[in-house]
Amino acid sequence: MLNGWGRGDLRSGLCLWICGFLAFFKGSRGCVSEEQLFHTLFAHYNRFIRPVENVSDPVTVHFELAITQLANVDEVNQIMETNLWLRHVWKDYRLCWDPTEYDGIETLRVPADNIWKPDIVLYNNAVGDFQVEGKTKALLKYDGVITWTPPAIFKSSCPMDITFFPFDHQNCSLKFGSWTYDKAEIDLLIIGSKVDMNDFWENSEWEIVDASGYKHDIKYNCCEEIYTDITYSFYIRRLPMFYTINLIIPCLFISFLTVLVFYLPSDCGEKVTLCISVLLSLTVFLLVITETIPSTSLVIPLVGEYLLFTMIFVTLSIVVTVFVLNIHYRTPATHTMPKWVKTMFLQVFPSILMMRRPLDKTKEMDGVKDPKTHTKRPAKVKFTHRKEPKLLKECRHCHKSSEIAPGKRLSQQPAQWVTENSEHPPDVEDVIDSVQFIAENMKSHNETKEVEDDWKYMAMVVDRVFLWVFIIVCVFGTVGLFLQPLLGNTGAS
């Protein structure tokens, strides 16, 4: 049994060894065939000669562009950086073979430096090499069709239109063409009308809206020949979320703080300080913007227009605030309020703005209580009523005809009247003179206080007027500025 089992195992091992040897022999033969094919194709091959049988015939090169990443858009230097795959397809009649003669080999991967290839370059390259490096291999088919798809990183020049920054759209182009061969020697044909974006990685700041390719035949001033190029136009749109959150919204809040200046009471003494603080904040934002946008004097970006508008807005608020404070601290000794000013700012504008002075209610209440003593000085009426009993108490020895009738103002009973109609000792006369002096001082003080209150109320009315004016200008100015990109893009589309 053991002897029989050993013979069967030996037969199985021998069969496996024979199969492996045959497979190895076949693979070795295939490698030999590929090596022989490669040697046969490139034994007398000249990579500097165009692959055409007739010198007058052009080499037809099919070209296609595939984008994998929009790496960066540099607005300051006006450069667009892209990761691309450049697909070239052409036919070389010198590199054809019969697959049946080489064990069915239909394709070869050959180094790109060993074959003739079109010198396609990026015309508007800004940094780096203009031509694609030939370090990658090309796919060669048995019928002579060569497909070469080298990857490349290009930094192309792109004129930036920052009028609507950060809600802007840019149109950047990539112009490819042969640098030395004209149309009679190389004829470029575009594969498809769009850029291949199947392997594209989305960019966090820019969105590719459209990427179309066009073929152009151009005659340059330097030469008589016509040159063919293929230009791809990338229509990209900026995603404004970053700038909206970190730049525009803070600017909006700061600009609306300017409106609160006119709601701040003049007595607090911080109105001008608030205005200057807002102006300094906007200046800092303006310095930040100048580092992110290209230096150009052709246009002013939208954010720059808004900051300029807001800075003018804040500057005017400082001027108005100084004017309001000047009105607020005026006195009868320095200024006299004209009648038309009193009419406009103490009667007309308050009624339009639905403002009502608390002093008016006090006057109405005093007038209802005592119509006979209704005057513009309720405080002095109270003073007279408070002082009259004391005066009568001091003058009890005076003649009855000289008594001061209760309920009448002291200002209507001057000391001269008392002196002429009564007899009293000198000490009582001194008391009456003192009371008259105090009453006159109180009257002058009340008149001064009333004029000062009128100036303060006028300052309050001016503040309220400019509060509404600045609210309207701020809202409509902001909406008008930020509607420009929408209207501009609608018109362009």
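Including glycine, each Cβ sits where the backbone N, Cα and C put it.
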Cys172: disulphide-bonded cysteine as recorded in Swiss-Prot, out of Cys158, Cys222: Cys158
Candidate annotated as N-linked glycosylation site in Swiss-Prot, where the set is Asn54, Asn446: Asn54
Topological domain name match (Swiss-Prot): Leu86 vs Val348, membrane: no
Fewest other C-beta atoms within 10 angstroms, as judged across Cys158, Cys172, Cys222, Cys223, which are the disulfide-bonded residues: Cys222
Range from 241-265, 272-290, 465-484 with the greatest count of C-beta pairs under 8 A to the transmembrane segment (306-327): 272-290
Contact set, same chain, for the transmembrane segment (465-484): CB under 8 Å, 6 or more residues outside the stretch: 164, 167, 252, 255-256, 258-259, 262-263, 302, 305-306, 309, 313, 317, 320, 324, 349, 353
Tertiary contacts of the transmembrane segment (272-290) (same chain, 6+ residues out, Cβ under 8 Å): 247, 250-251, 254-255, 257-258, 260-261, 264, 301, 303-304, 307, 310-311, 314-315, 317-318, 321-322, 325
Between Cys222 (disulfide bond) and Cys158 (disulfide bond), the C-alpha gap once rounded to whole angstrom: 24
